[in-house]
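Input: a single structure, listed below in structure tokens.
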Amino acid sequence: MEKLTILLLVTAVLMSTQALMQSGIEKRQRAKIKFFSKRKTTAERWWEGECYDWLRQCSSPAQCCSGNCGAHCKAW
């Protein structure tokens, strides 16, 4: 009877550990999908007006679609 109780306890611990590990993996996978689905291409950012095309005045590289700012957005 003692062996059966110990076996059941060990089984319960192993199953709960597996469940915790599985939920952690699923959370990481969902986070990766969410991160990559938010990224837009340069063309999408330009089309939606989120960045400036070249020869437009800028104050930081993040404003330019090319990511290159020197008073005006540069093509490259």
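Backbone N, Cα and C atoms are what each Cβ position is placed from, and that goes for glycine too.
Features reported for this protein in Swiss-Prot:
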type: SIGNAL; residues: 1-19; note: signal peptide
type: DISULFID; residues: Cys51-Cys65; note: disulfide bond
type: DISULFID; residues: Cys58-Cys69; note: disulfide bond
type: DISULFID; residues: Cys64-Cys73; note: disulfide bond
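Here the features listed in Swiss-Prot are painted onto the structure.
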| residue | record | Cβ neighbours (10 Å) |
| --- | --- | --- |
| Cys51 | disulfide bond | 20 |
| Cys58 | disulfide bond | 20 |
| Cys64 | disulfide bond | 22 |
| Cys65 | disulfide bond | 20 |
| Cys69 | disulfide bond | 18 |
| Cys73 | disulfide bond | 21 |
Coarse DSSP state, helix versus strand versus coil, of Cys65 (disulfide bond): coil
Looking only at residues six or more beyond either end of the signal peptide (1-19), which have a C-beta under 8 A from one in the stretch? none
Cα-Cα separation of Cys73 (disulfide bond) and Cys58 (disulfide bond), in Å? 6
Between Cys65 (disulfide bond) and Cys58 (disulfide bond), how many Å separate their Cα atoms? 11
Here the Cα-Cα span from Cys64 (disulfide bond) to Cys51 (disulfide bond), rounded to a whole number of angstrom, reaches 5
One should report the C-alpha separation between Cys58 (disulfide bond) and Cys51 (disulfide bond), rounded to whole angstrom, as 10
Between Cys69 (disulfide bond) and Cys51 (disulfide bond), the C-alpha gap once rounded to whole angstrom: 12
